[in-house]
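J.: What TrEMBL lists as beta-D-galactose binding site is N81, R82, H176, S177, Y178, D243. Per TrEMBL, active site, proton donor is recorded for H176. Annotated active site, proton acceptor per TrEMBL: E307, in sequence order.
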Amino acid sequence: MVSVTRAVFGDLPLGAGTVEKFQLQSDQLRVDIISWGCTITGLEVKDRQGRASDLVLGFAELEGYLQKQPYFGAVVGRVANRIAKGTFTLDGKEYQLAINNGPNSLHGGVRGFDKVLWTPQVLSNGVEFSRVSPDGEEGYPGELKVWVTYTLDGGELVINYRAQASQATPVNLTNHSYFNLAGQGSPNIYDHEVTIEADAFLPVDETLIPTGEVAPVQGTAFDLRKPVELGKHLQEFHMNGFDHNFCLKGSKEKRFCARVHHAGSGRVLEVYTTQPGVQFYTGNFLDGTLKGKSGAVYPKHSGFCLETQNWPDAVNQPHFPPVLLKPGEEYDHTTWFKFSVA
């Protein structure tokens, strides 16, 4: 059984609308999602002692999400991740996007899908958010109708993304939740054990754009096919952290993507997806300046993201999986976050 309750979360400035919060609860999971950016603001899971903790970084109030902050819990789009120099060419026409991350365009631009109010509809086991992204929004071609659905099934949070376009446009949607399996507000994720089921990854240049090479993980710091303890692994390879796309087996079927285990609490997160890639990000840019829930601060490496998605800059790299959505087609991807205790 899943219960769904809705409440007011806050009002946007200048009468721009009311943000609602939807609480989804099963016997194993409690998830809070707001209609601003389809943002996951809370996710409570019990540890092996039966004590519940909130595992996602974020804010108690709407104001926190309206300030400059690193996409905590939000759906990002129209195109997640980076597009080199914020530009691409489609049918002979060049499109210029906002440059908002060094020389590149990141997560849909200045006002991406994370910074808009979505229209909610309550379902028996979750909530569906929808919006229409107008032609030319943030520089992208064509009108895009988008639906993001969150449902609970026992210990599993399921996120489905659908979209339809009026003209050809790149589309790449993901959720940018930062997790800490010890509980949000815990100082770091070094005691987390990570596995990613990928034989290849994408090396990046100094602006974090893929070089184009699809590199085998074998014999590198990116070989996470067997579990590694994150802190020790970063030390051993003298790494600042991960912010890389891992290449998954290409198919539209549900498949295992990643597993994170926190020995201290016994909590396990397993990720399954239909997407061809996952961006593993270890919160390298967090710096402790943001005040989160319950007085928490979020220093570097205090949370991790597993952003299931197409490969970064795919619109400019023809040998990457196709990222264009054409009229008459439907973008349809699902990711499963499965929580358990070991």
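Placement of Cβ uses the backbone N, Cα and C atoms for every residue, glycine included.
Unlike curated records, TrEMBL annotations are generated automatically.
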J.: Within 10 Å of the Cβ of R82 (beta-D-galactose binding site), how many other Cβ atoms are there?
T.: 24
J.: In Å, rounded, how far does the Cα of E307 (active site, proton acceptor) sit from the Cα of H176 (beta-D-galactose binding site)?
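T.: Cα of E307 (active site, proton acceptor) to Cα of H176 (beta-D-galactose binding site) measures 6 Å after rounding.
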J.: Where among the recorded positions D243, E307 do you find the Cβ with the fewest other Cβ atoms within 10 Å?
T.: D243
J.: Among all the protein chains here, how many other CB atoms are within 10 A of the CB of N81 (beta-D-galactose binding site)?
T.: 28
J.: Are there residues of the same chain, six or more positions away from H176 (beta-D-galactose binding site), whose CB falls under 8 angstroms from its CB, and which are they?
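T.: Listed in sequence order: P70, Y71, F72, G73, A74, V75, V76, A80, H107, D114, C305, E307.
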